[in-house]
Ligand code: SAM
Ligand code: SF4
């Protein structure tokens, strides 16, 4: 499929949907096919991570704007039945705040082919929920943890809940939500010295650690490239204590590049969205908690699905809106381009 591009780097016309081949899946003009749906269940959160939102929180979406459980399940069904989505990741905001999470998971698990389902969470309330989520059909979990030190945890998240996160991790492991993955964002002068300790902690507990480069998606728009800890720095810090060798398997659409630790089988991953973008292999499509379809974390436009859904659109009409939006997916996120503009929605309202 030939890309439709203008001569100016990073700028292209919106592709004409009439040029789209009549195929059921979520194809775009760069030959990518989206089979992985990230669903944001809420924009609210019980932590206030400094790299994500301000201390006072954000103006949350009003209740009537949020998709109901039934609306969410309908859109997920359209994605699986008609659009070829095979992987669901539930996120937010903090997805564990959503009271009907288990029902949403159980209904998604009924779909055929049954999608693989994972959840990204801060784990604050996971200890008491992990078993029920596993029973409802959740397959895997990603827990965000940036430090092992209570004082630093309180400074980064502005809440004193580190012990709850440790308990949540243990409960997820116990409930079989494996491999339990840990996501870490390192920040200069804050926690970057903890990279080897975090890896040792994960090795000791059987968790898979992935470092994520900090991205310009904070609500405060304070991201500063100079403060970001790059993949290269992360690997240097880890190499001071561990021997890392590139994992000898194809990465595919996985965002993390992985290394064997001390010969393996344990691995560590780095998601280098900023310094080593992986947009060319992207297989994602995103749905926000208020029913906006996004082709990318960094997209500056969205397609409203909630309006048509509430106005009585059929499943096929919703599927067509989704296909048309994805046909217009941009080549890359553009973080490193001149004139890059951060999207209006912060990470917590898109779904990370
Ligand atoms: N509240 C849940 C959590 O923290 O896991 C799910 C939503 S959170 C937005 C998803 C992931 O995005 C977390 O791993 C978090 O560390 C990461 N994240 C948030 N803001 C980020 C940023 N500016 N750059 C990189 N990662 C970020
Ligand atoms: Fe909440 Fe996750 Fe954002 Fe932290 S990163 S404030 S836990 S949404």
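Placed from the backbone N, Cα and C atoms, the Cβ positions cover glycine too.
What you see is a predicted model, and the numbers here were worked out from it, not measured in a lab.
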Please state which member of 120, 121, 147 TrEMBL lists alongside 38, 89, 181, 284, 285, 286 for binding GTP.
-> 120
For the [4Fe-4S] cluster 2 site that TrEMBL assigns to 279, 282, which of the candidates 202, 296 is also assigned?
-> 296
Please list, in sequence order, those binding-site residues from 51, 52, 144, 215, 282, 296 with the Cβ less than 6 Å from ligand 1.
-> 51, 52, 144, 215
Cβ neighbour count (within 10 Å, all chains shown) around residue 51 (S-adenosyl-L-methionine binding site) = 21
Of the binding-site residues 45, 49, 279, 282, 296, within 10 Å of residue 93 (S-adenosyl-L-methionine binding site) (CA to CA), in sequence order, we find 45
If you count Cβ atoms within 10 Å of the Cβ of residue 52 ([4Fe-4S] cluster 1 binding site), leaving out that atom itself, what do you get?
-> 24
Could you pull the average pLDDT for the domain 'Radical SAM core' (29-255)?
-> 97
Among binding-site residues 49, 51, 52, 215, close to ligand 2 by Cβ (under 6 Å) are 49, 52
Largest C-alpha distance in Å for the S-adenosyl-L-methionine site residues 51, 93, 144, 215, as a whole number, is 16
